[in-house]
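The annotation compositional bias 'Basic and acidic residues' is assigned in Swiss-Prot to 670-679. Swiss-Prot lists 171-213 with the feature domain 'PAS'. Taken from Swiss-Prot, the feature domain 'Methyl-accepting transducer' applies to 390-619, supported by sequence analysis. Look at Swiss-Prot and you will find 8-56 tagged as region 'Divergent domain HAMP 1', backed by a curator's inference. Taken from Swiss-Prot, the feature region 'Divergent domain HAMP 2' applies to 63-112. Annotated region 'Divergent domain HAMP 3' per Swiss-Prot: 111-156, in sequence order, evidence recorded as a curator's inference. Summarising the annotation, Swiss-Prot assigns region 'Divergent domain HAMP 4' to 289-332 and lists a curator's inference as the type of evidence. Under the heading motif 'GWEEF pentapeptide. Important for methylation by CheR2', Swiss-Prot lists 675-679. Summarising the annotation, Swiss-Prot assigns site 'Important for gas binding and signaling' to Leu264. The site 'Plays a crucial role in stabilization of the heme-bound O(2)' annotation in Swiss-Prot covers Trp283, and the record cites experimental evidence as its basis.
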Amino acid sequence: MGLFNAHAVAQQRADRIATLLQSFADGQLDTAVGEAPAPGYERLYDSLRALQRQLREQRAELQQVESLEAGLAEMSRQHEAGWIDQTIPAERLEGRAARIAKGVNELVAAHIAVKMKVVSVVTAYGQGNFEPLMDRLPGKKAQITEAIDGVRERLRGAAEATSAQLATAAYNARIKSALDNVSANVMIADNDLNIIYMNRTVSEMLGRAEADIRKQLPNFDAGRLMGANIDVFHKNPAHQRHLLANLTGVHKAELNLGGRRFSLDVVPVFNDANERLGSAVQWTDRTEEHRAEQEVSQLVQAAAAGDFSKRVEEAGKEGFFLRLAKDLNSLVDTADRGLRDVSRMLGALAQGDLTQRIEADYQGTFGQLKDFSNDTAQSLSRMLGQIREAADTINTAASEIASGNAELSARTEQQASSLEETASSMEELTSTVKLNAENARQANSLAANASEVATQGGTVVQKVVSTMSSINESARKIADIIGVIDGIAFQTNILALNAAVEAARAGEQGRGFAVVAGEVRTLAQRSAAAAKEIKTLISDSVDKVENGNTLVAQAGQTMSDIVVAIRRVTDIMSEIAAASAEQSTGIEEVNSAVSQMDDMTQQNAALVEEAAAAAEAMQEQAGLLNQSVAVFRLDTPPSVVQLASARPSAPRPSAPAPLARSGMARASKARKEDGWEEF
C-alpha cells in the first residue's frame, strides 16, 4: 500500500511538471511554477523557473524581431518616397535584432543592401519550439545558455532516475509528446552516437531534403534513421566522434549536404549524477536563409562596385524573407533610377548637350539632387547663350571695324599716291622756276650790258655801221631768250593751274597750297605779259637794226630814244628777275607743305594698319569664342545680333590716273622697299 501511494505521489508530481511544460509549450509563460513538493525536486523546479525566464526572454526577443520588421517596413516606405537617409533605429533594439538593423543601416548608408543573417532559432521560437539549444552568448547572457543546458541535463537525469517507475514513464511520455509536437527539429543520440529519438518535425524536414542529400550520400534513407548511427551524415566521421566525445557545452556547426545547408546546435545530455547520457541536436534547414544571405551579399557587393542592376529573387520566398527581398529591391531600384538619371544628365553635359533634364518624380535627397541638377543645366544654358550672343556681337562689330579700316586704308593709300604725285610735280615745278630765275638773271645782265652800250652809243656812233651786224645778231639772241621766257611763263601758268586742281582735291588741307598756287599763277601771268612786251621791243629793235644801214644818219638823233628803251628793258628784266625769285620762294614753301602732308599721310597709314590688325585679332578671338561655345546644345537657338553702322560707308573713290613721271615711279618703289605695300 505504501508503495502504491508512493507511485501515486510520484505520478501526481510528474503530472504537475508535465502540465507546466505543456503550458510553456502553449505560450502561457505567466503560470506560477511554485515550490518543490519534496526534497530532491529543488533543482528540477529551479530549472523549470529558469526555463520559464528563458522563454520569457525569448518572447521578448521575438517582440524585438517584430519591431525590427516594423522599422524595416518603415525604412522601405521612406526609401520608396525618396528619403534614402532613413535608417532603422538600431538603438531601440537589442541582441540579434540590433545586429541585423546595424547591417541593414550599413546597406542604407552605401545605398546598397546589407548582408543580413537571419538566425534559425528566431524562426523556431516564433513557431513555439522551446527545445532548440541556445548559442553561447557573451557576458551576462551566458547565464541563459547555462540555465537551458541545466534544464536539459536535469530533465534527462530525472527521466533516467524514474525510468522504473510509472510516474517516470508517464513523465517521459509527456516529455516525448511535447517534443513531438514542438516546431523545432530535435534529434537525440546516445553515447554510442546511435539515434534514439527524432521528433516529427525533424523527420519531415529530412524527408523533404532526402533527394538532395542523396546527391552527396547515395545510401541516405530518412525513413531508417531511428536506431542508425549519426555517422550516416558524414563520409569521414572520426572528427565528429572525437568532437562529441569531448563535448562539454553547446556546439554549433554548419552541415552542407547535397546543396542543402543545415545549422546544428549540439548539446551534451547529463543525468543528475553528471553522467553523460548522450547528445541532443537541433536541426535547422537554413537553405533558403543561406540563399537569401547569398543574394543579399551579392546585391551588396554589386552595389558597392557601382552595379545597381542586381536584385534579390522574390520567387519562392515568403514571410519575412519576401518582405526583406521586396524592400531591398525597392531600395536599390530607387537608388538605381536616381543615379541613372543623374549619370545620363552629366553625360549629356560632358558632351555639350544642355537640353537634358531629369523629369522623373523624386522626393527627399534625390528630389533635391534633381532640382539642383536641372537648375545647374538651366544656369549653364542661360550663361552660354549670353556668351554666344556676346561673341556674335563682338564678331559683327569686328567685321564692321575691319571693313571700315579697309576702306580707310584704301582712301589713305589713294591720298598718299596723290600727295606723292603732287610732290613729284612740285619738284619739277621748282626745277623749272629755278631755271626761269636763272634765265631772268642772265636776261637782266644782258639788258644792263645793252643799256651801257646804248649810253656809249653816242660816242661810238661812227662804229655803228661796222658793229650793226653784231647788234643784229645780239638782237636775234635776245629775241630767242624772250621766246624761251615766254614759254617758261606759259608752262608756269599751266603748272600753277595743275597745282590749284590738286589743292582743290586735297580739300581743307590744300587750302594754303591753293593760295600759293594762285600767287604763282599771277606771277606767271605777269611774266608772260612782260615777256610779250620785251618780245615786242626786241622785234622793234631787230627791225631798226635791219634798217640801221639806212638809218645810220639818223642814229644820233634816235640814240637817246634807244637809250630810254634799253633802260626800260632793263627795268622790266629786273622786275622779271625779282618775280622769278619770289616764285622760287613760293614753290619751295609749297613743296615743304606737300612734304609735311606726305609725312602725315604715312603716319595715318601706319595708324590705319595698326587698327586693321587689332580689328582682325578681335575678329579672330570672337571666332574662337564662337567655336568654343558652338559645341554646346542649348534649349533655344541663339538670337542673331547685328550692329547697324553709324553711317553708310562711302564708296571708294576711283584711283587717279597715274602721272607718267619718273619721280612718281621712284617714290612708289621707295614705298615698297620701306614695307608699305598695303598703302
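In case you wondered, yes, glycine gets a Cβ from its N, Cα and C as well.
Of all the recorded sites listed (Leu264, Trp283), Leu264 has the fewest other CB atoms within 10 A of its CB.
DSSP states for the region 'Divergent domain HAMP 1' (8-56), grouped as helix (H, G, I), strand (E, B) and coil, give 33 helix, 0 strand, 16 coil. Residue counts of the region 'Divergent domain HAMP 4' (289-332) by helix, strand and coil are 30 helix, 0 strand, 14 coil (DSSP-based). In this structure the alpha carbons, written CA, of Trp283 (site 'Plays a crucial role in stabilization of the heme-bound O(2)') and Leu264 (site 'Important for gas binding and signaling') are 5 Å apart.
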